């Protein structure tokens, strides 16, 4: 592959801006294309929980999850909810989702692939933050998982597989939990701390800083919505936008949940779906955790950010266009109050902020990282689901390696877009 190509990167989220930085490092010219502000409220990265969980190697679907589907359909406020009106459209994706976690062997295969992608992610993000002049936004201080009992932990397939792929952790009994987290509800009597993991103090500000760093390093930003990719034979000639064409030698599709239309325009109808996520944030709370915590029973991450105490999590399958169900954010708020009983229940509404966005998700829990079938000038980098922020650092490196014709630093076969084609 020739060096010094003009690369158009569609999407200025975490994956897109880091891909831009790494492509510039390889000597390419870069144009970022996005209608929104990098790191703005419209972006999935903005509302991210802020966990840099290099141990998040377990896909959402696990053996036996099919038994829970009726409950997901009946409970619009559960950890995973499926809107009836969207079910016909989501059904093909849901079937692939269930099959991907049908056996433990399949889940284990996914875990090994994700471990390759996520290993050392907090360190990679720290280096990027230092380059961008915002080292204070990335902390590598470990994260805690809280369980009601040791039995809940022992019966969790995910932790057996994490051990298998090389994740280490520190185990805490009830007394040690109280010492570390005195304000956490005493119903949590067992915990594990994954010391290799970290957190981002402000995901939106981090992505904005990375975008500014890319621009300062020579990238350009075009505020437009990309609608397609223009080929001449097997050669890419332009990215098509609502305001015109942008000539380029190569393109990266990193448009998150809106990547599906772009891949279809070049003959790759990929099964990308949006897992809608919510967060609630309390500004200047009176109490809270000392560290970042995931509550196993609530399926919710609680993390301190520069803007306040943020609780994020759960999944809603309802597509890109449906209005948000803000009761799901209220459930997160109630879980937060339950986890930390000393939080006042009369916090003014003006101090409680809610948000919702779209996780771009492939049914098997693995992103698409690789070339389009129609042209090796097109690189796909989307579909990270729950590991978009943490996985973006290595994904950007892989994108730059693919653009330059270099050997990728990890095996990319598990992430190949052709696995569903």
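Glycine is no exception: its Cβ is also placed from the backbone N, Cα and C atoms.
The model shown is predicted, which means the values in this text are computed figures rather than measured ones.
The FAD binding site annotation in Swiss-Prot covers 12, 13, 14, 15, 47, 64, 65, 225, 226, 359, 385, 388, 389. Per Swiss-Prot, the feature D-proline binding site maps to 359; the stated evidence is similarity to another entry. The D-serine binding site annotation in Swiss-Prot covers 359.
The Cβ of 65 has fewer other Cβ atoms within 10 Å than any other of the binding-site residues 12, 14, 65, 226, 389. Residue 47 (FAD binding site) sits 10 Å from residue 359 (D-proline binding site), taking the Cα positions as reference.
Comparing residue 359 (D-proline binding site) with residue 385 (FAD binding site), their Cα atoms are 5 Å apart once rounded.
For residue 47 (FAD binding site), the count of additional Cβ atoms within 10 Å of its Cβ stands at 23 [all protein chains shown]. Cβ environment of residue 385 (FAD binding site): 60, 275, 359, 360, 361, 362, 365, 367 lie under 8 Å away, each six or more residues apart in the same chain. Considering only the residues assigned to FAD binding, 12, 13, 14, 15, 47, 64, 65, 225, 226, 359, 385, 388, 389, the longest pairwise Cα distance works out to 40 Å. The residue listed as 'D-proline binding site' is surrounded by 21 other CB atoms, counting those within 10 A of its CB over all protein chains shown.
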